[in-house]
Amino acid sequence: MHRLTVELADRSYPIFIGQGLLGRSDLLVPYITGKQVCVVTDDTVAPLYLERLRHTLDGYKVDHVVLPTGEAYKNWATLQQIFDALLARRHDRGTTLIALGGGVIGDMTGFAAACYQRGVDFIQIPTTLLSQVDSSVGGKTGINHPAGKNMIGAFYQPKAVLIDTQSLGTLPDREISAGLAEIIKYGLIRDIAFLDWLELNMPALRALEPGAITEAIARSCAIKAEVVAVDEREGGLRAILNLGHTFGHAIEAHQGYGQWLHGEAVGAGMVMALEMSRHLGWLSDSDCQRGVAIVESAGLPTRPPTDMTSEDFIRLMAVDKKVLDGQLRLVLLRQLGEATVTADFTAAALDATLRKEYS
Ligand code: NAD
Ligand code: GLY
């Protein structure tokens, strides 16, 4: 088992990574202070893993809320169902919420925990690859608004993150590819050696070979933990974790939440960031091609939707959270393994990218 720590002074917390951890009450119990627990999950994950978790939590008063599955339900109405259940079952301020599911469940449970009675504890048990390498770590919680992705939310850190790699065994291939998008992101923004490793290991990762997948999760979480420890509330550095996301969030909102998976939109968005960095002369043609090839090798889209115009992108990107004083800032690459958050780009480079003038 790997154990990492997100270093945030008195709010520091562990990330446990290994096979079969869902059955390890010894890893969970130290992070549950009261006797009440409410597991929040969705109607896809519940039949697979809820009973196993309930068994692990033997001795606690365990309630659960099963939400409808999918990004389309990451909204106020679904969030309200969590509050309704907590109030109906008289959960007090000593309760602990446990998110059992993908990033949608993790983001909504964390936001519910931040708000319920002005803040209760929560634990992340991510069950998708994407949530294991990204969304369960770092404390970004929230819901979507029809006008923009993740527009309503809070920074609120979990007490612990428990990653059971066995849960990936039931995940569809398309969701594995979506998770690989965020893994590739870490190599592109910060770790060229990891990118080399990913190129070599992509077939093993897509086949969920245990050694390779555990290594990829651990290295991804280590990079995320390091960045979050430096800049928890995204005053600067943390924005690099959004490589491809400004374009990707626009794709998700344009297509209708859930049509393109978040990781798929990030895959196409990272290619747009690579292409734009090439247009600016920061990346060579061959480095840009190398980045595109690794996205493609993960089974991800490398082009935005054909029905999306440059005007659609401009309109949807205007509400991005990195916009400051009306000025769009983007995460681009100075070179492979080095990202920058910048408004210092030419209109021509952005225009060429949005018009899909790729090499
Ligand atoms: P998701 O939560 O919708 O899960 C994907 C699908 O997999 C769902 O249908 C789910 O029911 C199913 N599923 C989950 N675990 C399963 C398992 N073990 N076996 C079979 N099916 C399973 O999507 P996701 O990709 O996990 O997360 C995407 C969300 O995460 C987006 O809303 C995105 O904005 C958010 N996100 C947040 C952060 C953050 O820092 N908070 C970072 C990245 C992404
Ligand atoms: N996924 C981006 C972040 O956590 O900052």
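Each residue, glycine too, has its Cβ placed from N, Cα and C.
Where the annotation comes from TrEMBL, it is an automatic prediction and has not been curated.
According to TrEMBL, the protein carries these features:
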- 65-177: domain '3-dehydroquinate synthase N-terminal' (DOMAIN)
- GLY103, VAL104, ILE105, GLY106, ASP107, THR127, THR128, LYS140, LYS149: NAD(+) binding site (BINDING)
- 179-323: domain '3-dehydroquinate synthase C-terminal' (DOMAIN)
- GLU182, HIS245, HIS262: Zn(2+) binding site (BINDING)
For ILE105 (NAD(+) binding site): intrachain residues, at least 6 apart, with Cβ closer than 8 Å:
VAL40, THR41, ASP42, VAL45, LEU67, ALA99, SER131
Given a separation of at least six residues and a C-beta threshold under 8 Å, show me what packs close to ASP107 (NAD(+) binding site) in the same chain.
LYS74, SER135, LYS140, THR141, GLY142, ILE143, ASN150, GLY153
Among GLY103, VAL104, ILE105, GLY106, ASP107, THR127, THR128, LYS140, LYS149, the annotated NAD(+) contacts, find the widest CA pair distance and round it to a whole Å.
21
Residues close to Zn(2+) site centre defined by GLU182, HIS245, HIS262, Cβ within 8 Å:
LEU130, ASP134, ALA181, LYS185, GLY244, GLY248, GLY263, ALA265, VAL266, GLY269
Site with most surrounding Cβ atoms, counting all protein chains shown within 10 Å, from the binding-site residues LYS149, HIS245, HIS262:
HIS262
Using all protein chains in view, find how many other C-beta atoms are within 10 Å of the C-beta of THR128 (NAD(+) binding site).
28
Reduce the DSSP letter at THR128 (NAD(+) binding site) to three states and note it down.
coil
Of the residues in the domain '3-dehydroquinate synthase N-terminal' (65-177), how many are helix, strand and coil by DSSP?
50 helix, 34 strand, 29 coil
